[in-house]
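Enquirer: Provided herewith is a single structure, encoded as structure tokens, for subsequent inquiry.
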Amino acid sequence: MKKETFVTKEQLDEIIKDYPTPFHLYDEKGIRRNMQALRDAFSWNKGYKEYFAVKATPNPYLIDILREYGCGCDCSSYTELMLSEAVGATGDDIMFSSNDTPAEEFIYAEKLGAIINLDDITHIEFLEETIGYIPKTISCRYNPGGLFKISNDIMDNPGDSKYGMTTEQLFEAFKILKSKGAEEFGIHAFLASNTVTNEYYPMLAKILFEEAVRLQKETGVHIKFINLSGGIGIPYTPDQEPNDIRIIGDGVRRVYEEVLVPAGMGDVEIYTELGRFMLGPYGCLVTEAIHEKHTHKEYIGVDACAVNLMRPAMYGAYHHVTVMGREDCPCDHKYDVVGSLCENNDKFAIDRMLPKVEMGDILVIHDTGAHGFSMGYNYNGKLKSAELLLKEDGSAQLIRRAETPADYFATFDCFDIGKKLLNMR
Ligand SMILES: *Cc1c(COP(=O)(O)O)cnc(C)c1O
């Protein structure tokens, strides 16, 4: 399938007059359409709720859009809790799905009335000591171990992941939590990441629903919700078939009716903590070609670098690249598209077939709407870019300014050298 950009060259030419490249651009129309489709897909479940995984794209303006559709926030750090509070998501609008959790984060989560999702059985005692009691509503994260397979494909390796409790620990945790006053229970698991198949959620749901029936029978607790967490992926490459959220929602409904309803558990609420699926395709990194280099390979140097998008450097991830205005030209040139870091893995694309790129061309790097800007760092003293929202009317709104050297040096502000740096231009 051909991957299209959600923004036209004419629109970008206008936007670039006001905002220099590089920047991340988000597509309001796409975000809303996808959000509505997710809601529709799970409308069969009365208590359904999506908790947007804040780490994917921690921008309050984007979270505000999702909030209009009833989204809560899935947080796992102090500042994510702050963001959540700032957009008005408190109480059971927050799922605190953290791990290796510092005490002050549990304290803040409790203060906000968040639902706490415990990553480990030892966190029961830690939480009780930290906040002084066990909340009435509590959730536990499950990790059945082994490999997670669909048909014969290995999707992921839960047995090798640091998250969650074993089956035995989960049963034990529920008993302990109940004896300490918990009344409403949740079960959470995240067993495979970026799955581009409609079968992941229904398979995960079956594992969790069967576990829930056993837990309710054996421990006598009331299971209020089952949290399928994140993991629904997006097609980064042109040959991948996108997930169909309607089929996924329907698949989960079928397992629900097969496993939970006959067990008298037809009141269980389904929660999700999607990040990538919510925003991934609705963001892109816009960058300009500023150098070409002909040595042992052909290079195009752009004004963005891995600081703006780390996934290719970190995972060797594929991100599609469109050379704006040359969509209909043949892809008859093989390039490495690179950033300026003194780090050879700073390459957005390797041996990529593209149309001939001219200096000044605008390149759109696709699918950066989740785990894009947010994974950024400041290596080589490079600064993070702005974030812009392409509104439904086609205009662009700044939703985060670009970093300046003053931001980069701000943590020296308590020293004389800091005062000097902050006054330099
Ligand atoms: C990262 C994360 C998510 C979101 O994952 P996606 O792959 O973006 O859907 C959800 N829940 C938890 C606990 C996570 O760590």
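Yeah, the Cβs are placed from backbone N, Cα and C, and that goes for glycine too.
What TrEMBL lists as active site, proton donor is Cys342. Taken from TrEMBL, the feature domain 'Orn/DAP/Arg decarboxylase 2 N-terminal' covers 31-278. As annotated by TrEMBL, N6-(pyridoxal phosphate)lysine applies to Lys55.
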Enquirer: Quick check for the class: what is the C-alpha distance, in angstrom and rounded, between the residue listed as 'N6-(pyridoxal phosphate)lysine' and the residue listed as 'active site, proton donor'?
Expert: 27
Enquirer: Please list residues from the chain of the residue listed as 'active site, proton donor' whose Cβ is under 8 angstroms from its Cβ, counting only those at least six apart in sequence.
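Expert: For the residue listed as 'active site, proton donor', the qualifying residues are Asn380.
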Enquirer: Just counting, how many other CB atoms are there within 10 A of the CB of Lys55 (N6-(pyridoxal phosphate)lysine)?
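Expert: I get 17 for this one.
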